[in-house]
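Peer 1: Positions annotated as compositional bias 'Basic and acidic residues' by TrEMBL: 1-24. TrEMBL lists 154-198, 273-316, 562-631 with the feature domain 'PAS'. As annotated by TrEMBL, domain 'PAC' applies to 509-561, 634-686. The annotation domain 'Histidine kinase' is assigned in TrEMBL to 704-917. For 1-34, the entry in TrEMBL reads region 'Disordered'.
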Amino acid sequence: MENELKMKSRQQPKKEQEKSENKSSHSILHTHSGEVGDNFANSLNEVYVIDTIDLNFVCLNKRAITKSGYSIEEASLLTPIHILPQMNDEQFRLLVSPLVDKLIPKIVIEALLQRRDGTQSNVEIQIQLTQFMGQECLELTILDTSEHKHSIYELERYKFATDNTTDAVYWVREDSSFFYVNNSACKMLGYSREQLLSMGVVDIDPKYPMDVWKKHWSNMKQKRFMSLETKHRTASGEFRFASMEVHFYEYYDEEFIVGTARDITDAKYTQMALQKTQAALDTATDVILWLQTDGKIIYVNDIAHNRLDYTRDEILEMNVADITPDIESAELFKSEIWPSLEAQKGMVFQFTFQRKDGSTFPAEMTTHLIEFSEEKFACSFVRDLTEINQAHLKLKELHELNQTMIELLSVTDGVWDWKVDTGEVWYAPGWRKMLGYAGDDIKGIPNTLEAFDSRIHPDDIKGVWATVQESFDSITGVSQEVNDKKLAEKHKESQEHHQSKITSIIKPFEHEFRLRTKDKSYIWVRARGMPRFDSAGNPVRLVGSTNDITEAKKSREAIEESEERFKQLANLNTPCWITEIDSNCTWLNQQWIDYTGQTLEEQLGFGWLDAVHPDDVDQTKTIYLEAVQNQQNFELEYRLRRYDGHYRVFRARGSVSRDRKGYFNGFTGFSIDIHDQREAQLALEREKEALAVSNKDLQEFAYVASHDLQEPLRKIMAFSELVKEESGEQLAEESQKYLETVIESAKRLKQLVSDLLTFSRISSRGKEFAPVNAKKCLDYALNNLEFAIQENDAQITSDELPVVLVDANQLTMLFQNLVSNAIKYRSDEKVKIHIGVHSINSVHKFYVQDNGIGIEPQYSKKIFEIFQRLHGRYACGGGTGIGLAICKRIIERFGGDIWMESEIGKGTTFYFTINND
């Protein structure tokens, strides 16, 4: 710091000089404390004079000696840091450096001052230079501010409470001008505090022009208090109703009216709204009934006549139980329904209502408890649900179909879909590949149930179909025969009668079994599926997936076999031990001694713990001693040191030993070496992680290849649009939202499946390469985008393009995707796109350049990954995240590269290369 105090450090004197100087300083303080003048000596404030070099006190006035509690002798040994505990010597020197350097005449700070007895108080300290005995010193004058701060605190607390109370507060002078207004007053009237303080009551309350206000002031001065209801004009010109309590208040030499106002506008308008509501009841489209506590109908609106076929007078003579068969009697309404209404204040019932001719209709009765004129009523709104229920049923069917599609896309590995009534089964390519076939090998594995059944291991067939039957019977309660006659005969044993009560709980199909692969070997699989039923409860489809669990099952069996071997070793040749009732070990077998390499004597008692790994000793001892205290069998694991110094993991099991009378007699136990088992478990975890990665890859491939999803999606969209057209307006608002969600989800899913199929067919369905005029492919692409080009008024230009050796359809798709992206992610400027090429011999580097919003450089590779859509502005198109991945796959098939260069706000250029060689 530039203004850092630059003081010369006083050289340390010899011991004899120190004693002499200390005596001298005592003398100065004592002798000259009254020689700096009467103002200094008789000041009501504490004054300290300080040496600027070593910061010692050289003089104190009487007030300082009295208040500080230090004697003159004690003060001579002090520095400012003794009375200012928040500072150290360096900080104080830094504080006063501008004074010493004569940069400023005076310093004023607030601080805590500490007395000799340890008490502290808030003070203001004024520091300035002074002359004392011909030496330049610092003079500290102390002003105690504790009481002043407390008064300010109390005032600020009162002001904060008043400013932030929810009621408006006004202080008004005799001339009607505002002296004070709080935050709530400003909020209620819509003015700032400055605006209101320049106004008066006559500006906001039309009841009090100035002549009336003067009379009101005189009246208030006599009454001193008044309650009234008025209305205030806000800044917007609107009026707010207010309930006020007004006090006449004298504050020092001034008189004020202090008013507290509570906004009651909403309550006023509610009262008026209730009157309007009464008129609206008679014109409502739902039946409205007002009921007494016993269900007696005391009011009914006009629509009730049309819905119930009774006249108004007939209905007013009835009880709600007379038109609602679900309410058996007036006594039932009074004893059961009315108490529930009182407790909950409102309820929604699903009742059946009966017309005069005996016909019925389903209805929803929304009932609210209302208190009116100190009497309670039930106000019920009855809505006919006949058409709504029908629409809900159709919507539910569509939702279930859509849910099936979603679940189909969420499973892994071998996806399949069995149509129970026809016996047809659709197998995803992943299912065939799992068994060693090509994904599209329909001849090897046709889409039939027989193709699945014939590959089940003979020992597993009965269990598979029994599990399928249990899943079907979980809702139907009836045995569902397999459609295929040969299968029905073949699996007759598994088609036993499963008579059970029909339930709404659907049990998924899940089973582990073996399937034969192309090379005649068997793999273990886990199949999971969810059945779908028609309205009669009959199964119509079973949709699910099959995962290869061969390696996982082998690992699991290996672990089980390993554990079994360890158990056998424990009975034959394993470390064994015996402890007594006092918990001391009294016997160890030779296997333990040979393993540890220690003598029996060294390990008896608790000496065996010396061979346990130091990190395991505390836990081992704790578990063992708790078992001794509870006299219970125990099991624990620890690392045991072998004779060669190596540690291995052991599992120890101790069994309670009892004498003939049943008294606890210690433990008999053994320790099994499970070190290799632990290593095997770690290896299994690694295999599981690798299997999870493999499953994810297979899942993505299975999804992408699922071209048969398009037909169900078209049905979802068609039936959804049909429900919307025929019954949309009759649906509840929430149901309409659900329907719109189904339609939009189906559209997005259809686009996703279409893009996925395109992505998968790039390599498998591509045509042979042939010479193609790239300009013609560009023209075809622009023709396909004609509507988007015209709609966005896009200006598209191109160079002369060469003949290249590629798949013409895929090159067209490449141009179409890149130009479509350029249009989609346009900026506010006119869209300009240029397609060009740079050719060197047989290598052609094409580019598509736009003036769009641009892409940040860190996303230059991520955008070509499947399902990757950027956030922010670049996500405005709402695409599937597959378009650029398709471009990359096409270029990879062409044997070239694709990349992009971009600058935010200036546009993007996509490059790709094609080598005719």
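Backbone N, Cα and C atoms are what each Cβ position is placed from, and that goes for glycine too.
Where the annotation comes from TrEMBL, it is an automatic prediction and has not been curated.
Here the structure is a predicted model, which means the values were calculated and not measured.
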Peer 1: For the domain 'PAC' (634-686), how many residues does DSSP put in helix, in strand and in coil?
Peer 2: 12 helix, 30 strand, 11 coil
Peer 1: With DSSP helix as H/G/I and strand as E/B, how many residues of the domain 'PAS' (562-631) fall in helix, strand and coil?
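Peer 2: Its residues divide into 44 helix, 10 strand, 16 coil.
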Peer 1: How many of the residues that make up the domain 'PAC' (509-561) does DSSP mark as helix, as strand and as coil?
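Peer 2: Tallying H, G and I as helix, E and B as strand, the rest coil: 12 helix, 30 strand, 11 coil.
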Peer 1: Could you tell me the mean pLDDT over the domain 'PAS' (154-198), as a whole number?
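Peer 2: A mean pLDDT of 87 is what the model gives the domain 'PAS' (154-198).
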